[in-house]
Amino acid sequence: MPVPEREPLRLMAVHAHPDDESSKGAATTARYAAEGVEVLVVTCTGGERGDILNPSFEVPEGYEFESIEGRRAVRRLEMARAAEALGVRQQWLGFVDSGLPEGDPLPPLPEGCFALVPLEEAAAPLVRAVREFRPHVITTYDPSGGYPHPDHIKCHDVSFEAFAAAGDPDRYPGTGEPWQPLKLYYDHGYSMNRIRAVHEAIEGAGLESPFGEWVASRDAREIPERPVTTLVPVADYFPNRDAALTAHASQIDPKGFFFAVPRDLEVDVWPWEEFELAESRVPLPERAAGEYEDDLFEGIRSEVRA
Ligand SMILES: [Zn+2]
C-alpha cells in the first residue's frame, strides 16, 4: 500500500488523559511535527478526576478545581498550552476520567466513566477519528496500560480495536470511509534499560538518583520486561517535552519526579524515546537482538520514495 509521493505522513498518538501525551513519547511527536509530519494527539478522557499533584499550582483566575466541569475546563486550558509547546494538533474523544481506584477492597468505578463504556461504544469515536485523520502510524499503550490505571488499559483496548477495525468497511458503519493505518506502536518511556542507564549515570556524577528504589525493587522481583523495538532520537526536542509537561500545571510539579534527571545528563545517556512495534502491515527488515529501528515511519517512508 504505497503512500502517494505528495501525501504528508501522519502520526496519531492516542492517550488516556491530558498530560499523558507530555510524559509518554512527547519529544517524538514534537520532532515529527517539526519535520513536517501531521501529528494528532487524541485524548480519550477529560482528566476530570485528576487531583492537584503540584503543590505550587494556583487555580487560574476565573476557574475552579472542585467540580468535574471545573477540572475539565482547567485541564483543557493546560492541554491547549501543551499542544502548542509540542507543535501538534489535539482532539478530545469526550469520555469521562475513571479515576485511579485506591483502597482494599478497591471501590467500584464511578458510573458512566470511560473504563465502564462497552468496547464498541468506546472505540467508535476513535474509529471515526482514524477514518477522518487517516494516520499511517498510531501510538498507544501496551495491554497492561503501562501502569494499572483503568483508563490506560481502556486506551489500549480502543486503540487496538480501532487499528484492527478502521480499515474494514463492514465495521463501525456511519463513521466514515475505511482507512487502514500501517503500524501500531506501544509507548515505553520507562524501560529498565533506560532506568538503569540513567540511574548509574546520576550516581556516577555523585548526585541523588530518583530511581534508586525503582532499581532495587526490580532487582528483587522477576518482572518480565516488554520488548523495545524502536529508539527514536529526540534529544533536540526534550525542551518541547519539558515545556509541555510544565503546561500541565495542576498535574506536574516542576520540582518533582519528571524533572529529577539533570537534562544535560539525560541528553548524554538516553537521547531517545522507546517504542514497541505491536502491529505492522508493511514489510520490515529483520533485526538482530540489540539492533533497533530508529523511525516510526520505517517501511512507510521508503514506499513514499520508491
Ligand atoms: Zn493518564
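Glycine too: its Cβ is placed from the backbone N, Cα and C atoms.
Fair warning: this is a prediction, and the values are worked out from it, not measured in the lab.
Database features (TrEMBL):
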- His17, Asp20, His152: Zn(2+) binding site (BINDING)
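Counting every protein chain shown, 27 other Cβ atoms lie within 10 Å of the Cβ of Asp20 (Zn(2+) binding site).
Sequence-distant contacts of His152 (Zn(2+) binding site), defined as residues of its own chain at least six apart whose C-beta falls under 8 angstroms from its C-beta, comprise Ala16, Asp20, Tyr141, Gly145, Gly146. The record gives His17, Asp20, His152 for Zn(2+). Within 8 Å of the mean position of their Cβ atoms, the other Cβ atoms in that chain belong to His15, Ala16, Asp19, Lys24, Cys44, Thr45, Tyr141, His149, Asp151, Cys155. Annotation for His17 (Zn(2+) binding site): spatial neighbours Thr43, Cys44, Thr45, Gly47, Gly50, Asp97, Asp151, criterion Cβ-Cβ under 8 Å with sequence separation of six or more.
Look at His17 (Zn(2+) binding site): DSSP puts it in coil.
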